[in-house]
C-alpha cells in the first residue's frame with residue numbers, strides 16, 4: 001500500500017455542492033439583513049427603506065386540473081412532494097422549496113418563511129389554503145427555485161373557497177416566471193385559465209411561458225403537427241436556469257444601486273451637517289453680539305451717570321490713573337451725547353433706547369434658538385462616515 005496521505009478537501013461538503021449563483025444570492029442577502037452592519041439597518045438609520053433581495057426565484061405554475069403541475073414539480077425535485085392525479089388534488093397554494101430538513105408548513109408559518117407574500121391575506125379565505133413543502137432535494141437548480149403550485153382550474157359551477165382568479169393573478173405578478181400548463185386530454189375546459197392569463201399578460205406578459213403537458217397523449221400522430229412529438233422538458237429547465245442567472249445579475253445591479261443610494265445619502269447628510277455647523281457658528285456669533293450689546297449699552301448708559309457724580313481725582317483714587325481716565329473718556333462721550341439731546345426729548349430718547357436694547361436681547365434669544373440639529377449620521381458605522389468624510 002502507498003504511504004501517501006489522502007488529499008484533504010479544501011472546502012466542506014456544503015460548500016462543494018453550493019453553486020456560484022447560490023453563493024452570490026445568499027451572500028447578497030446576508031449583506032442586506034446582517035443585524036449589525038446590514039444595508040437594511042444602515043438605510044433605516046438614514047430614513048431610507050430597502051428590501052433585501054430574494055435568495056431564490058419564484059416560479060408559479062398554473063393551469064387546469066390534471067395538467068401535470070404537481071407532477072412537474074415532483075419531476076424537477078426528483079422527489080414525491082406533491083400529490084398528483086386526475087382528481088383536483090391541489091385546492092390551495094403550495095410553496096415548494098428546498099431546505100435543510102423535510103417538513104410541511106401551514107398558513108402562518110408559510111408567511112413567516114415568505115413575508116413578502118403577506119398581502120395574500122387580503123384575499124379572504126386564502127390563508128386557510130396556504131401551505132409550504134420543504135424538501136432536502138438538491139437536484140437540478142431546485143436549491144435556487146421556489147415553486148408555487150396553484151389550485152387546479154375548472155370551468156363551470158366549480159366553487160372555490162376564495163377568489164382564485166384574483167389570488168393567482170396577484171401571485172403571478174410577484175413571481176419571476178409563470179408556467180401555464182395546458183392539458184390536451186380534455187379533462188377540463190380552459191376558459192378560467194385563459195381569463196387569468198389574459199389578465200396577467202397586461203402586467204406580466206414577459207413572465208408567461210406556455211406548455212402542453214402530456215403532449216405525447218394528444219390524439220394520434222396524424223392529429224399532431226409535427227407528427228413526431230419531441231419532449232422539450234429540457235427547455236423548461238433551461239428557462240429556469242436562465243431566469244436564475246438573470247436574477248443574479250439583477251441582484252448585483254440592485255446591490256450596486258442601493259450602495260450608491262446609501263453613499264449619496266450619507267454624503268448629503270454629511271454636507272448638511274457641515275452646513276449646519278457653519279450656520280450654528282454664525283447664529284451663535286450673532287446671538288453673542290446682540291446679547292452683549294443689549295446688556296453693555298444700557299449698563300454703560302447707567303454707569304455714565306454714576307461716574308459723572310465723581311470727580312477725576314476720586315476716580316483715580318478708586319480705580320487708578322489709567323483705568324479711571326479710560327472710563328472717564330467713555331462716560332464723557334455718553335454724557336456729551338446726552339447733553340446734546342434737547343431736554344424735552346430726553347424722555348423719548350430713553351424710551352427708544354430701552355426699546356432698542358430690548359430688541360437686541362430679543363434678537364439674541366432668536367438667534368440662539370436658530371441652531372440646526374446636526375449629527376444625523378451618528379448611527380451609521382464609523383468606517384462609512386470616515387471614508388466619505
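From the backbone N, Cα and C atoms, a Cβ is placed for every residue, glycine too.
Checked against TrEMBL, the range among 288-310, 311-333 recorded as transmembrane segment is 288-310. Given the ranges 259-280, 347-368, the record in TrEMBL names 347-368 as transmembrane segment.
Long-range contacts of the transmembrane segment (288-310) within the same chain: residues 318, 327-328, 330-331, 334-335, 338, 353-354, 356-361, 363-364, 367, each at least 6 residues beyond the stretch ends and with a Cβ under 8 Å from a Cβ of the stretch.
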